[in-house]
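Now, the feature entries from TrEMBL:
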- B:20-38: transmembrane segment (TRANSMEM)
- B:44-63: transmembrane segment (TRANSMEM)
- B:70-89: transmembrane segment (TRANSMEM)
- B:95-115: transmembrane segment (TRANSMEM)
- B:122-142: transmembrane segment (TRANSMEM)
- B:174-192: transmembrane segment (TRANSMEM)
- B:223-246: transmembrane segment (TRANSMEM)
- B:312-331: transmembrane segment (TRANSMEM)
Amino acid sequence: MSLLAVEDVTLKFGGLTAVNRLSFAVDAGEIFAIVGPNGAGKSTVFNLISRFYTPQSGALRFDGHDLLAVRSSDVAALGVARTFQNIELFDHATVLQNLLVGRHRHRRSNILSEILFTPAVRRQEVENRERVEEIIDFLDLQPYRDKMIAGLPYGVRKVVEMARALATDPRLLLLDEPASGLSVEETSDLRWWIEDIRRQMGITVLMVEHDMGLVGQVCDRVLAMADGAQLALGTPAEVQAHPAVIEAYLGHPA
Amino acid sequence: MRIVFKTDYVQDIRPWKDRYQLGLYLALLALAVAAPWLLDAFYLGELTNVLIWAVAGLGLMVLTGHTGQASLGHAAFLACGCYANIILLEAGLPFLLAFPLAGLVTGVVGALIAIPALRLHGIYLAIFTLALSILTDDIIVLSEPWTGGVSGKYAPPINLFGVMVDRWGTPAPFYWLTLAVVVLVTLGYINLLRAPLGRSFIAVRDSEVSAQAMGVDIARTKAVSFGLSCMVTGWAGALMGLFAGAFNNETFSVVISIQLLMMIVIGGLGSIHGAFLGAIVIGFLPQFLSIAKEWLAPLTGGGSVAIPGLEFGVFGMILIAFLLFEPMGLYGRWLKIRTWFELFPFYRKDMFKRQKTYLRTERLK
């Protein structure tokens, strides 16, 4: 059974159809990419899965749960974590604090025990810290641990955001343009990280990406979108050779 | 620069960096406890006033400094705490019960108000809370049977473990009572900041969208923050009432609300230190001004004529200066000075410069 299923989903903003009868399914253990020209509705699909938007029709299922029945703040509890296209970190907090917010869904303490900082809260904090340190090791963030986000370079912020998503211990990781704005070296690091995320951590990855080189290297399947609808679905090579995809990017032959 | 070699996660979880820092704060606490023997009655009263303002500042800091919700109406919650405390005391409750209850009542009132209020963002929330502060005056006048209306109320003397606690009669016990409240609130605040709830406050302040994606319930977190903020403000209000001795509908005016917000901005938003530094400025400014006036009198030939609005004028100018030159407040300035000495001679001018953030996904809201 597929881990994430998008079934016949339509989302309209007034007269604009952002997502038009879109269906696809992501299998557990897969690395799945969504590609398409600007304005195709790729990030909108992510925002639908995160429940920031509610579709007019269709269904969203994650691991047997009806995603439309949960609020956006409860999506993380099901095991879906995400990054944002334009980096949404907590700027006036340290890298460590950012990653610890990622542990929020594992919070067992309540207000009272936290104000008193009981031994149980202390244990929970140590546990959270241990998990966060594993991710810091995994993504080589050691030099930045106590740095404020506001002073970090762009490339590092991208990695911190991915680390924060991993800190939630997700089953499905949504990466919104993870390679945009990264240097060649950073992109190749990213490639190995994405493969390791699947291999070592057993996390399914769904990503939106424009870098077809990266998509071709790491992805099992690719969905190409244009104007909110599906153009093609298949292996990276199949999708890149698909006539409709070529037309969407390059236009008609004269 | 002291470099701490860390070998255990607990070292990062406990509130002090090393023994030196712990010692420093314990020394400060010891000095504070010993203050009644070091100061005369007048300055002890002033110090008590500063500490009460610090409690109020801590209350507003939770909401504005850490959760990023501006409130121009916290005088309403000072009033709520003050009246609740006195009404409970008059109903015959012992102080040790009436005082915590006054805070709890204010906290619950605050959380209830927060549920509709926190749907508003930024300036709209500020206007809503401003309206709340203006309304308080009328509510106090209208509910005369409980509040005494325009003629106001007098704080009854308190008996705490057989010791009379009265601002005028026994300033030392009253000071220690205030100090105890300050210490407890500060410890609770420190604990909150190193726990998940405090971090979710910061998350909501810096990016609601991604806080939500991390599983933080925005509406609930904001309401909890508002409630906690109002609870602490309520305690500050209760202390203010006892300190003033007499109060009526005009005691907790809009001006107090604005002063409170200015105070934490001057002190430094988003830090516990900021609340204290701001309270020191607010508390000692009138004294400082009157001393300065006496000094300047022979030069200007003005004598000791009262200048109406001088205090607020100076205060406003200080605020503008801070917003222009040091938006991080007094605490931010202190951090810079400390870093300068720690890194000497390697301090760079732009070390604390905030980078502009581009392309925030505000469109999701």
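Glycine residues also receive a Cβ, built from the backbone N, Cα and C atoms like all the rest.
At the 8 Å Cβ cutoff, the transmembrane segment (B:122-142) and the transmembrane segment (B:70-89) share at least 3 close pairs (sequence separation 6 or more) and count as touching. Contact check: the transmembrane segment (B:70-89) against the transmembrane segment (B:223-246) gives at least three Cβ pairs closer than 8 Å, residues 6 or more apart, which meets the contact criterion. Of the recorded ranges B:44-63, B:95-115, B:174-192, B:223-246, B:312-331, the transmembrane segment (B:20-38) has the largest number of C-beta contacts under 8 angstroms with B:174-192. The recorded stretches the transmembrane segment (B:174-192) and the transmembrane segment (B:95-115) do not share 3+ CB pairs below 8 A when only pairs 6 or more apart in sequence are counted, and are therefore not in contact. Through the fold, the transmembrane segment (B:44-63) approaches residues 35-36, 69, 71, 74, 77-78, 167, 171-172, 174-175, 178-179, 181-182, 185-186, 189, 192, 201, 225-226, 228-237, 239-240, 243, 260-261, 263-264, 267, 269-272, 274-276, 278-280, 282-284, 287 of its own chain, all at least 6 residues removed from its boundaries and within a Cβ separation under 8 Å.
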